[in-house]
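Visitor: Provided herewith is a single structure, encoded as structure tokens, for subsequent inquiry.
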Amino acid sequence: MNSDEDEEDGNDHDAEINKPSLLGFRRTPPCVGRKVNISEELYPLVEPDLHKTFFISPAGNVCFHGQCTYYCDTSHAICGDPHMLEGSLSIWLPPRNVLERKPIRSPWRRSYNKRRKAAWETDSFYCVNQVKTEPPYNHGRRIYDLMDLHIMDYLTGNMDRHHYDEVQTFGNDSALIHLDNGRGFGKHSHDEFTIILPLLQCCVIRLSTFNRLYSFHIGPKRLSDLMRESMAKDPVAPVLIEPHLKALDRRVANILECVSSCIKVNEPAGVLLDDVLDFPFYRNMTIKIVPD
């Protein structure tokens, strides 16, 4: 990933599998970087109805755009050079008849409308009044899983978290599955505040997550160092350029500042879920100062 553009890139997925494991989340299907031949390795294997999305660009490159709800058209195509494409290959999850799972709409889904903001973007008490009061976010692990997810997205700059997946067999007791991470690592020079806004609104975080972020901040090895080492042996290394790695360290500091702000207006026991000593704080709902 060698640009500062907000476009989807295959290497985003490749970097995404390294970072969650370093954070201790391990909720993203394993993937690895690879160069593939679009004409010989992709086109013969796709479903027949996808063949019509493949075309030759004016520059003579083989391109395709797939089928999806947003941005799947020739102006947002993926192109080879002329046939070769660098990206990431991910392990498929078992079929749904083997592993029942379902996508859940994120409470912090964006409006995807240039003229209309989502409710959470304008209501500071959105989490307290509309999220924490409703299942599955009013009990159990789900709200903390979502905070982990938004922390991961903020670190990578992924603004496109409209859904997450859960394993239906376990329901609210299962960890979330982090799929569709391709919009990460776009603009290394910009830290998108709205991605981490759920953490500031809910003011809850696992102590283990906080401790891990703090260890990245104070060293001896920062998150950028660990990511650099983790991806060094990838077949398409270097996966991320240095500005993206440096952005990770900057964003870790920003997240810790958010937690500090929460603790200043809430009791620490209301912010930090002590999962380290396996003795959760009973008072884990946020205390907000509501203006008159």
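The first residue you see is number 1, and the count goes up from there.
Glycine residues also receive a Cβ, built from the backbone N, Cα and C atoms like all the rest.
So TrEMBL says this about it:
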- 54-268: domain 'FAM20 C-terminal' (DOMAIN)
- Ser90, Ile91, Trp92, Leu93, Asp180: ATP binding site (BINDING)
- Asp160: active site (ACT_SITE)
- Asp180: Mn(2+) binding site (BINDING)
Visitor: What whole-number Å value do you get for the CA-CA distance of Leu93 (ATP binding site) and the residue listed as 'active site'?
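Guide: Computed Cα spacing between Leu93 (ATP binding site) and the residue listed as 'active site' is 21 Å.
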Visitor: Considering the binding-site residues Ile91, Leu93, which residue's Cβ sits among the greatest number of other Cβ atoms within 10 Å?
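Guide: Of Ile91, Leu93, the one with the most crowded Cβ is Leu93.
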Visitor: Including all protein chains shown, what's the count of other C-beta atoms within 10 A of the C-beta of Trp92 (ATP binding site)?
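Guide: Cβ-Cβ neighbours of Trp92 (ATP binding site) within 10 Å number 7.
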Visitor: Between the two most separated Cα atoms in Ser90, Ile91, Trp92, Leu93, Asp180, the residues recorded as binding ATP, what distance in Å do you get?
Guide: 13
Visitor: Which is it, of Asp160, Asp180: the one of these recorded positions whose Cβ has the most other Cβ atoms within 10 Å?
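Guide: When each Cβ's neighbours within 10 Å are tallied, Asp160 leads.
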Visitor: Please report the Cα separation of Asp160 (active site) and Asp180 (ATP binding site) in Å, rounded to an integer.
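Guide: Rounded to a whole number, the Cα-Cα distance is 9 Å.
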Visitor: Specify the secondary structure state of Ser90 (ATP binding site) as given by DSSP, simplified to three classes.
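Guide: DSSP call for Ser90 (ATP binding site): strand.
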